[in-house]
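Visitor: So TrEMBL says this about it:
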- 21-42: transmembrane segment (TRANSMEM)
- 48-69: transmembrane segment (TRANSMEM)
- 81-103: transmembrane segment (TRANSMEM)
- 109-131: transmembrane segment (TRANSMEM)
- 143-163: transmembrane segment (TRANSMEM)
- 178-198: transmembrane segment (TRANSMEM)
Amino acid sequence: MNCRPTFYKIIKQKSVEEFKPDPYIATVLNCAFWVFYGMPFVHPNSHLVVTINGVGLVFEFVYLAIFFIYATNKGRRKVSLLLLIEAIFFAAIILVTMFVLHGTTRRSLVVGIICDVFNVMMYVSPLTIMAKVIKTKSVKYMPFWLSLTNFLNGVCWTTYALIHPSTSMFCSWMKSPFISNSIGAISGLVQLLLYGFYYCRGENNDNGVELQNTTQVPVSGCSPDLEA
């Protein structure tokens, strides 16, 4: 799992230090919406969407549980508040979808667009740490594997949308998979360029050692854009 090095370090040091929970909180809502999108009463015959994002949702809750355990009281309040807001918003969307929208065509369109919006938010959420990276000139608290996964995942889905434009989940004129995943690819590239710039300057503290020790970790797990 691509987030394992980060959380191994958190558990080892018993502190989240300056790591941010934003990417994992964003991914929770993203996976939850894709699971809802894959329900038979929203978008029939989407078993893979439900399965893949269901697994991703479990991983994200595990990561957030670890973060919550080792975070400060302020950090715990932030995680709790954001998850509560997400739960309320998610519940509201479910109610609107079930009682206002009728028919799977309309439901899959509306919920699909919402999924795509939060897909973009998940992609750009790691950018919240960029200001600290630039200020400190250190990539110590910028998860490399998360940025790499964002980039590769965005490239793969963008390529898929270009090769199979007719398989777009939403209205063809919107080209939603192309738009959101191309943004993800660009976001991941920006993160990797920033990481490479400060890593090559040798001002990344002990992150380089951690990276060398975890190069065998496969890229998956905190799975951005798990739409299948």
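Numbers run from 1 along the shown chain.
From the backbone N, Cα and C atoms, a Cβ is placed for every residue, glycine too.
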Visitor: Could you check whether the transmembrane segment (109-131) and the transmembrane segment (48-69) come into contact, where contact means at least 3 Cβ pairs under 8 Å with the two residues of each pair 6 or more apart in sequence?
Guide: no
Visitor: May I ask for the residues of the chain that lie six or more residues beyond the transmembrane segment (81-103) and have a Cβ under 8 Å from a Cβ within it?
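Guide: The answer is 21, 25, 28-29, 32-33, 36, 41-42, 64, 110-111, 114.
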